[in-house]
Amino acid sequence: MPRPELPLPEGWEEARDFDGKVYYIDHTNRTTSWIDPRDRYTKPLTFADCISDELPLGWEEAYDPQVGDYFIDHNTKTTQIEDPRVQWRREQEHMLKDYLVVAQEALSAQKEIYQVKQQRLELAQQEYQQLHAVWEHKLGSQVSLVSGSSSSSKYDPEILKAEIATAKSRVNKLKREMVHLQHELQFKERGFQTLKKIDKKMSDAQGSYKLDEAQAVLRETKAIKKAITCGEKEKQDLIKSLAMLKDGFRTDRGSHSDLWSSSSSLESSSFPLPKQYLDVSSQTDISGSFGINSNNQLAEKVRLRLRYEEAKRRIANLKIQLAKLDSEAWPGVLDSERDRLILINEKEELLKEMRFISPRKWTQGEVEQLEMARKRLEKDLQAARDTQSKALTERLKLNSKRNQLVRELEEATRQVATLHSQLKSLSSSMQSLSSGSSPGSLTSSRGSLVASSLDSSTSASFTDLYYDPFEQLDSELQSKVEFLLLEGATGFRPSGCITTIHEDEVAKTQKAEGGGRLQALRSLSGTPKSMTSLSPRSSLSSPSPPCSPLMADPLLAGDAFLNSLEFEDPELSATLCELSLGNSAQERYRLEEPGTEGKQLGQAVNTAQGCGLKVACVSAAVSDESVAGDSGVYEASVQRLGASEAAAFDSDESEAVGATRIQIALKYDEKNKQFAILIIQLSNLSALLQQQDQKVNIRVAVLPCSESTTCLFRTRPLDASDTLVFNEVFWVSMSYPALHQKTLRVDVCTTDRSHLEECLGGAQISLAEVCRSGERSTRWYNLLSYKYLKKQSRELKPVGVMAPASGPASTDAVSALLEQTAVELEKRQEGRSSTQTLEDSWRYEETSENEAVAEEEEEEVEEEEGEEDVFTEKASPDMDGYPALKVDKETNTETPAPSPTVVRPKDRRVGTPSQGPFLRGSTIIRSKTFSPGPQSQYVCRLNRSDSDSSTLSKKPPFVRNSLERRSVRMKRPSSVKSLRSERLIRTSLDLELDLQATRTWHSQLTQEISVLKELKEQLEQAKSHGEKELPQWLREDERFRLLLRMLEKRQMDRAEHKGELQTDKMMRAAAKDVHRLRGQSCKEPPEVQSFREKMAFFTRPRMNIPALSADDV
């Protein structure tokens, strides 16, 4: 019988409290009760008897405006916020205990990482001290530095300088890493202890919060969040003041120190071009698009609108994909695996440094201890490789895919923000964009991408607290993961493949036998015909980089030295006297020949005995046809002249007979200002090394080396065989203009038992034409044998080794010799066949007409440099039969003939299939890809609406007075706001985690504010002392460089700053949308996701403002 139909027992009465709550009076016992006495007959007595969601006798569900739903147990006269019908609290306790085990493992692994780093720091300090002592000893005799050391010596002056700079940079970097790691350890240790206290507190019998206790916790949490909001405002004010202080310092000193030669920019170059030729990437925009015609505004507007809608659809798809990936892994799982992976890499790095350290001044006991430590470390590493799990590989693969999606989402949001601003500036009435009337609008109330004003950077919310938007791995680990998964194998990586993270190197992979080979990315341009690149990726007058002024090595970049002589660099000319030069103009190796469009660069490494040979290294510069292939302005020629001559040089199949070759991939990361060098494999090693019982490694140096950058790296040693697979990557922090002035030196070396290094062969690669777009180019390079080079130098010694000379006579003699050998080479190359073998090229000849030819060529240069805006390149004999092409400046040309190119006269090479003269004329051949007028009429439909928009509509037909067509945003009243369909179940454990998390957040914010205040004091003190440059440690620390970028954003002009702010808001909103979508698509309930994020917060430090650096060496 239902309770309302049952009468109250005798002596009972129903009454109401002053707030309307019903209670019952027992007149017999003179007591009151909240429990209806009839419930004894209608309700279950225990929870075991309950059906569905009913509560047993004596339990009541109530609501508090501050706490929310809570439950009252009238039997014990207590309250609790946990639902007694749900066993969620017990599951939370189990999850917390499991997470404590994982966190303990990660913490112990990170402590071991710190110990290994400490050992590495001690070794690096010892190595730096030894190298510095060797440098001081060698510095006493400059003659021995130049003449006494060969290119294969460990103490080659330039290599020794790079060793010292790398060792110094390694010591400083390890110090900074240890300081950062120490702060992370402290944060994780505190978080781990906090979780342990929470677990102990909540495991007790009185672990549940009552109503008044929960209200007190919420009040404290709210007060801390207010303090956090004030702290965030103070932090932003400090950053603004730092941005103002930063303006008084020069922040680009690092690039200036690397650019020791002349600037490569057009404005500072001696290469006078008209203003309209300064941008060759799109000549159609020079004179034809200065302003958009009013007749074309509608078409431009429609085009931008379509791109805008497409970008928004792309963002929506990316958010769905990210939400799906995030639902497959919960926070904290990857952390322990990542720490174990980092620990293995740190141990391998320590092992590598133990192998390469030179124990010259060590005692026998110290050497034996080093060997024992090395063997013990090898055993530990082998055990770690054997226990590597397949699950780790799969999780790393998912994480790599997620980071790729995050990068794509960032690009898409930036594109949407840019298109939004363009649309607003294009039309005088863009109210339809900002009105929120169209579904999916940037600022619409539904489906908004832009975060509301409540989600400002200074407001504290639990979403910002627990959910770090799109947190990625650090750059080193992320790059390692990407290269780890390069092979694309879905199966388990075999043991023995975990590789090393070097100082600035990151990821290395080792392919399993029979695995898929890394495919080389073929270049879109052929072999260069001149030192100057006409690629839109680089400056028009960018020369190939000169070699180091202290390069006492016959392996020299001849292009670079000849090009530098054109600029008449007196310092370089004087330094050339230190080099071992011969009187002859012998040709040692074949010159590169042009490949057809789309083929890979020639693989032959071209070297010279002295500086006279035009090409002594493989230049990475693009071909003269790069304008046609890359910019889209000219149509690339179908067939280049001399293609038959290039057949032996333009592909991987053109391997020189008996030459050792190395495959290298180069990539520049514009966002992080880092240059990646991937050493893939070495083939035909038997040509350099006869004994197969030695270990071989690759030494890589970026020369000339600056003092503040790690520029010398070594791969791990492998047992000698005909083909060696390394797959190791090295990262160099460097600006893109500075990279253009660098040369990459690659040496194959062996190390004996006494740790002495001997170089067998090498090559030098120009970095002048490294692509800025982030694409990776993979090429093969032939290596020059140093033994063969020394043998030839002993046979031919007409000049001998010259000591450093500073007089003008020596400089003139070297310059004359260089010009003489260069012209000799040009004359000899005209009559040579492209199939001439390497042995035939070693001939000694002299020509008496060199000086006269050189003088005539210099006169040509002076005459042609006098022209203001047209440069004519003298055609080769093969081009005499081709008529000159006439081109209009404002249009493009389409012809199967070679594309005209602007080239400096001394940069051209004789025997090259050269181009026709670049002259003005009346004949105009228009490109298929561009026309000044519309090919067909635009079909426009005007829509009459409240917003008076005239864009091409994709919406349903117009309906007058419809809400979706109004220009004024219609806000829903608060009464109609939909309530949450589900309410998260909150327990006492959730409240305690929230309280401790806000305390931790506030503590971390206080530390960041103190760091910013200290940094501000240091900068003010440096400014008061008259210093013009930022401290060196501040420029080198990667985390502080990110802070400097943040400061630079604040100094942008108003339009750029507004666009950056809009992009940041969109990314924050997208992160929250992904978080919301993940809760909808995840198989687990949202309570589980939320609780895991709360636990992971305490052991995942977010160091937004790093600690101040330790003292440098």
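Heads up, the Cβ atoms here are built off N, Cα and C, so glycines get one too.
Per Swiss-Prot, the residue from the list Ser438, Ser542, Ser876 bearing the note phosphoserine is Ser542.
Swiss-Prot tags one of the stretches 256-275, 276-295, 956-975 as region 'Interaction with PRKCZ', and that stretch is 956-975. Per Swiss-Prot, the residue from the list Ser434, Ser538, Ser978, Ser1081 bearing the note phosphoserine is Ser978.
Checked against Swiss-Prot, the range among 9-40, 1001-1032 recorded as coiled coil is 1001-1032.
Swiss-Prot marks one residue of Thr194, Thr499, Thr929 with the annotation phosphothreonine, and that residue is Thr929. Checking Ser358, Ser535 against Swiss-Prot for the annotation phosphoserine singles out Ser535. Break the domain 'WW 1' (6-39) down by DSSP state and the numbers are 1 helix, 13 strand, 20 coil.
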